[in-house]
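Annotated features, as they stand in TrEMBL:
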type	residues	note
REGION	B:37-56	region 'Disordered'
TRANSMEM	B:432-451	transmembrane segment
TRANSMEM	B:471-490	transmembrane segment
TRANSMEM	B:502-531	transmembrane segment
DOMAIN	B:644-963	domain 'GPI ethanolamine phosphate transferase 2 C-terminal'
TRANSMEM	B:697-716	transmembrane segment
TRANSMEM	B:723-746	transmembrane segment
TRANSMEM	B:752-771	transmembrane segment
TRANSMEM	B:883-903	transmembrane segment
TRANSMEM	B:915-942	transmembrane segment
TRANSMEM	B:954-974	transmembrane segment
């Protein structure tokens with residue numbers, strides 16, 4: 001593992017963070033009455049779109065997954081289609097999990113679903129980019145001692161931190177402060193976003209500090 | 001001394017229960033209460049004392065005032081009236097205070113300075129304690145003797161406008177009322193206009209004797225913007241105008257020839273400098289009290305500074321003024337200036353009535369009342385009073401009479417003051433010393449438990465308690481001496497009564513011996529740990545035990561839950577915390593399951609080691625973990641991978657099982673909405689219990705009973721299986737008999753019986769099953785080889801408890817029971833057995849599920865949700881002990897059933913130490929929240945919500961600990977049985 005790799009990782013992550021900041025700052029120029037809290041759903045759509053785009057661009061430019069071989073066009077197309085299906089599946093699974101956690105079943109369906117979309121954007125999209133639609137690889141990455149490169153390591157960290165952020169974001173809901181951001185699902189989406197950003201920041205630093213101890217099996 | 005860790009934990013919990021009991025006794029001082037409180041027979045008033053010739057004045061003196069108007073302004077602080085704000089914004093009132101026919105006082109309110117207890121204090125004259133709330137089980141009606149009730153009994157017609165609390169406290173007492181809710185704090189004009197709009201009409205009429213107005217606006221302003229806000233000034237001048245209106249109208253009525261009336265202006269509590277209230281700062285406890293009446297004489301130029309009185313004095317004064325008996329529990333003393341204008345004989349009579357009432361209260365609450373200085377003074381003054389009456393009736397010289405009379409009055413006043421003080425200090429504040437003692441005991445036990453974790457969870461499951469170690473005997477005696485010294489100093493110098501000081505000497509000494517022994521044990525365990533650390537480490541395997549995700553979740557979940565208890569919202573919505581944690585637990589389990597399933601699937605035998613990182617560590621030589629494996633014997637030799645154990649269809653069922661559990665939890669969550677914020681949401685429970693859906697409820701109940709039978713019968717012996725079947729049928733019959741559900745062939749509208757025969761029929765089977773279970777357990781004790789019998793016996797005990805719970809649960813809650821059994825079965829079959837969690841993890845999971853089911857049943861941290869009807873099942877009348885037992889079991893059925901399942905499960909997967917490990921973990925995981933909570937409550941004891949939120953939770957925690965102690969003792973008994981077996 002070289003320092004250049006870590007540097008690359010850091011720049012990629014900074015780009016992601018920058019895109020999230022832009023998703024907050026740019027829309028008010030075009031849309032009237034835009035604010036994160038009041039037109040929350042719009043922001044969710046914009047943010048997930050931007051993050052997905054940046055992830056795709058990064059994947060195409062950086063190509064961290066060196067192991068992927070040249071393959072035919074049809075193979076590529078099926079791959080892309082599979083990715084889309086996986087993404088939708090993950091949105092639905094997240095939605096089901098939120099309902100199981102106690103989100104209202106009938107009311108606020110759109111809100112819950114968009115929360116599922118943004119959480120999928122933070123977790124599933126990077127996984128799909130990096131690992132492709134292979135569940136075994138996903139399970140391997142998310143079990144202990146299963147990572148094989150710094151990219152996978154950082155993927156593990158960002159995914160877990162955005163999930164944990166969403167999880168922690170549910171805590172303020174029962175408090176009786178009556179703030180606008182305590183409404184479902186705003187605190188959770190904000191929690192997920194902060195978790196994702198924190199993961200993006202932490203993972204290069206963590207990898208840098210632990211670069212002596214880290215040894216990947218494939219390297 | 002070496003103890004099994006189960007026994008050790010059980011002892012610890014029992015000691016903790018003692019500590020909590022002392023703490024609770026200190027936190028909820030038993031209020032001063034007249035024994036004749038329940039039935040309100042009116043005793044004849046005490047006759048006038050006389051020496052020799054008898055006085056025949058036995059009736060109550062006539063009322064001083066024809067009409068009374070009470071204007072209560074919420075959060076009126078004393079400086080709003082007597083300070084610069086009063087001069088500026090309340091000119092009329094200031095004029096009355098300084099020059100008019102009035103008496104003004106600063107009335108001191110006792111904490112908690114919250115509206116409801118303060119209204120109680122104003123009307124009953126007593127200092128309400130939280131125990132009252134529990135005694136009335138949140139029945140909002142004020143049951144104690146009070147002025148309003150007495151006035152109603154005397155035929156007074158009362159009108160009330162203002163805060164709704166009064167209407168709730170005194171239903172049917174007012175001939176006319178209009179309650180305003182204090183729900184919208186941001187509204188401070190409408191809430192008062194709703195009161196004032198009635199005023200003009202009412203003041204013109206003459207068909208009332210008492211008018212009570214409770215204005216909330218000032219309190220709301222305080223909450224919004226604090227006491228220095230400009231809004232306060234506006235509100236004060238509004239109040240001033242209202243007061244002027246009332247006073248002029250009263251004066252004009254008096255001019256028409258009525259006897260004088262009384263106008264009372266007071267506040268229920270004050271306001272702190274930030275605008276809130278509830279605690280005991282000067283701003284919060286000092287409220288003005290102004291009595292205005294033309295009966296009061298005042299010479300011009302007579303400047304008086306407001307004197308200090310107690311808020312409780314108003315009840316006695318009002319009772320005298322209206323000529324009704326003084327409330328029995330009142331600890332207040334008559335406000336003397338009110339009666340100053342009366343003839344001397346009347347004044348003495350009034351004071352005598354008050355003193356007799358107080359001394360009666362003293363007799364009933366203080367065992368050694370005869371030695372009390374107040375009582376002695378009372379006796380002396382009564383004697384003097386009698387002499388004075390004798391002289392008076394003999395028509396002696398007036399000057400002698402006057403001098404003697406003044407002396408008698410002074411004597412009476414002294415007696416009153418002493419008596420009132422003696423009574424009110426009994427309940428005035430938290431008994432901090434008892435609380436400290438309780439907390440110290442609990443914390444010491446908790447520390448001991450925490451320190452002995454490494455020892456207790458070792459394979460032998462033994463704990464060394466160095467109680468008899470001679471090196472620490474000196475420390476022990478020193479500690480004991482210090483504690484006794486503290487005890488003597490505190491008890492001799494304490495002004496208020498203290499429960500712990502009131503204990504007998506041997507008992508208090510015993511507690512102190514216990515405390516010092518525990519401290520010594522802690523110190524010696526600590527030293528031992530340091531010594532073993534400083535030695536070159538004997539066990540190199542110690543540090544490399546890495547925690548799995550599940551362990552992390554358990555630790556963080558426990559810590560998070562404990563910390564959340566400090567916030568009132570989280571206490572109100574505690575069910576959300578548990579549901580959240582249980583869901584996360586299920587997801588973590590599913591992740592573990594999936595990883596084991598899929599990653600082992602394609603692994604060749606040599607691959608096996610790498611791909612199972614959670615279980616076998618990098619150093620495969622010593623797989624040391626925090627706990628020990630339940631399946632010790634078969635781990636290394638014949639470790640079956642998950643895919644081997646579960647073949648084909650079973651594997652898919654295992655993979656689906658966490659989702660099944662999650663779906664069950666989601667359904668149960670919408671069965672009973674509890675808590676505060678979302679309690680009004682519609683839920684299945686209400687839908688089912690409404691009378692239109694009886695048929696659906698019947699089907700559901702029958703289905704649940706069927707599921708219960710199917711899930712339970714598998715483990716039982718044939719005899720108890722039959723008993724279970726009959727018992728469950730009996731449960732349904734019982735519900736039919738009391739009219740909850742229907743038989744399919746039955747028409748609606750049947751007369752409703754109490755269902756006593758049916759319920760007792762079920763009780764017979766419950767006892768029968770429990771008896772069979774116990775018999776099997778004893779048998780397994782004798783025949784040491786037969787291991788199977790013990791499992792069956794434990795399962796029978798479990799099923800007996802299930803049957804009892806099925807009888808006690810309301811029919812719409814039967815699905816809770818069915819789902820709990822279903823989840824237990826699924827978890828056992830597909831998750832715990834294949835994944836081989838250690839005993840500690842399984843215990844914690846059982847505890848979490850038990851807590852979640854406590855709330856699934858519809859319980860909450862509010863006393864009002866306790867289902868008292870469970871205490872009447874199968875009983876003709878209220879019998880205290882069975883009713884209490886049944887209610888407690890019905891309420892805590894969730895945790896108890898999960899604990900009994902835990903015992904059965906752990907003893908069925910044989911391992912020597914699993915049960916004692918489980919007992920230790922159960923004790924630990926239950927005592928961490930309790931001990932933290934009592935510290936939190938102690939530091940939050942002046943919080944605004946201490947009565948409404950934190951105190952009920954404290955009682956729930958205490959009860960939970962008691963039940964935990966019972967469970968731990970049961971665990972230990974089972975553990976001992978298995979030890980003698982092996």
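Every residue gets a Cβ built from N, Cα and C, even glycine.
Packing against the transmembrane segment (B:723-746) from elsewhere in the chain are residues 694-695, 697-698, 701-702, 705, 708-709, 712-713, 716, 752-755, 758-759, 761-762, 765-766, 768-769, 772, 799, 803, 806-807, 810-811, 873: each is 6 or more residues past its ends and has a CB under 8 Å from a CB in it.
Among B:432-451, B:502-531, B:697-716, B:752-771, B:883-903, B:432-451 has the largest number of CB pairs under 8 A with the transmembrane segment (B:915-942). Across B:432-451, B:697-716, B:752-771, B:954-974, the stretch most heavily in contact with the transmembrane segment (B:883-903), judged by Cβ pairs under 8 Å, is B:954-974.
Same-chain residues lying 6 or more positions outside the transmembrane segment (B:954-974) and placing a CB less than 8 Å from one of its CB atoms are 4, 6-7, 9-10, 13-14, 16-17, 20-21, 24, 27, 134, 777, 794, 861, 863, 888, 891-892, 895-896, 899-900, 903, 907, 915-916, 918-919, 922-923, 926-927, 929-930, 933-934, 937. Model confidence over the domain 'GPI ethanolamine phosphate transferase 2 C-terminal' (B:644-963) is summarised by a mean pLDDT of 87. Here the transmembrane segment (B:752-771) has Cβ contacts under 8 Å with residues 716, 720, 723-724, 726-727, 730-731, 733-735, 737-739, 796-797, 799-801, 803-804, 807, 873-876 of the same chain, all six or more residues outside its ends.
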